[in-house]
Amino acid sequence: MCHQQLVISWFSLVFLASPLMAIWELKKDVYVVELDWYPDAPGEMVVLTCDTPEEDGITWTLDQSGEVLGSGKTLTIQVKEFGDAGQYTCHKGGEALSHSLLLLHKKEDGIWSTDVLKDQKEPKNKTFLRCEAKNYSGRFTCWWLTTISTDLTFSVKSSRGSSNPQGVTCGAVTLSAERVRGDNKEYEYSVECQEDSACPAAEERLPIEVMVDAIHKLKYENYTSSFFIRDIIKPDPPKNLQLKPLKNSRQVEVSWEYPDTWSTPHSYFSLTFCIQVQGKSKREKKDRIFTDKTSATVICRKNASFSVQAQDRYYSSSWSEWASVPCS
């Protein structure tokens with residue numbers, strides 16, 4: 001992640017005494033200190049400067065302790081562990097003048113920590129963010145999992161390309177599901193994003209980048225995902241399934257329609273379909289048929305069910321969920 005360099009001036013609250021850019025501004029009055037995390041690590045020296053023209057009678061405190069850490073317009077601290085992070089405030093005469101929140105981003109053995117989000121391991125290991133699109137409109141949804149329930153905040157940024165980024169607007173992050181996994185509870189968060197100038201029929205040359213900032217208490221982590229819309233397409237299931245018995249035959253004619261959410265015109269944005277008839281027993285062999293049409297003739301026995309799913313006809317992205325209807 002590319003971080004904006006802090007501008008050092010008399011009104012800045014925090015600046016770094018190291019040339020290695022180990023501190024950067026996440027948002028107003030919130031700073032991330034990047035630390036190599038190993039025993040006896042030296043940490044990072046940070047100098048805090050009070051945002052005031054006053055020079056005398058200034059004191060510093062950390063969080064709500066009230067303990068005076070030092071006096072003067074500046075305070076130099078050595079940040080080594082989470083006990084050194086938190087909200088630093090400068091005061092004069094009982095009045096708070098300015099403050100800054102320091103968060104820690106850990107790096108162990110050259111790898112940034114990934115303690116907040118759960119590895120979903122699909123489609124591969126170290127998959128923390130998953131994204132899907134129902135069509136080629138430039139709208140997509142991303143989600144992630146965590147077992148943490150409190151003191152947790154997320155923010156999301158997205159763009160197409162990184163060197164000359166094009167706009168993608170993301171909404172608010174929401175808690176979309178809660179599940180019990182053994183002895184643990186799992187929380188799913190999601191966000192919906194829309195490419196500002198999407199052209200559904202155009203060839204994608206640059207990938208979309210999604211960046212999630214995660215803060216748990218005083219710990220900061222970031223997670224990224226890069227993809228083309230065509231790679232994350234997953235249509236909604238086909239709709240309006242209907243069965244029509246054929247006279248003097250064990251067969252039925254089944255028909256369905258494209259999902260409402262799929263891109264149009266369908267002559268250009270075409271789907272292919274997989275159909276199957278499932279008997280009452282789940283162990284019973286299922287015969288699957290692939291077709292580009294929206295109807296088929298099958299044998300549909302009593303107590304069985306007919307199912308159909310859809311996939312982009314010209315690109316091997318994900319299949320939709322199944323849509324089903326009973327045979328009788």
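Residue positions begin at 1 at the first shown residue.
In case you wondered, yes, glycine gets a Cβ from its N, Cα and C as well.
If you check Swiss-Prot, you get these features:
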- C50-C90: disulfide bond (DISULFID)
- 29-106: domain 'Ig-like C2-type' (DOMAIN)
- 237-328: domain 'Fibronectin type-III' (DOMAIN)
- N125: N-linked glycosylation site (CARBOHYD)
- N135: N-linked glycosylation site (CARBOHYD)
- N222: N-linked glycosylation site (CARBOHYD)
- 1-22: signal peptide (SIGNAL)
_Spatially, which candidate from the glycosylation sites N125, N135, N222 is nearest to C50 (disulfide bond), comparing Cα atoms?_
N222
*Three-state secondary structure, N125 (N-linked glycosylation site) (per DSSP)*: coil
_C90 (disulfide bond) and N135 (N-linked glycosylation site), Cα-Cα, nearest whole angstrom_ = 52
_Over the span of the domain 'Ig-like C2-type' (29-106), how high is the average pLDDT in this prediction?_
92
*For the glycosylation sites listed here (N125, N135, N222), which one has the lowest count of neighbouring CB atoms within 10 Å of its own CB?*
N125
_Validating a neighbour-count step here. Other CB atoms within 10 A of the CB of C50 (disulfide bond): how many?_
25
*Neighbourhood of C90 (disulfide bond), C-beta criterion under 8 angstroms, separation at least six*: L48, C50, D51, T52, I58, T59, W60, K73, L75, A96, L97, S98, H99
*Distance between N125 (N-linked glycosylation site) and N222 (N-linked glycosylation site) at the Cα atoms, whole Å?*
17
*In the domain 'Ig-like C2-type' (29-106), how many residues does DSSP assign to helix, to strand and to coil?*
3 helix, 44 strand, 31 coil
*asked:* Just to be sure I understand, if DSSP states are collapsed into helix, strand and coil, how many residues of the domain 'Fibronectin type-III' (237-328) fall in each?
replied: 0 helix, 44 strand, 48 coil
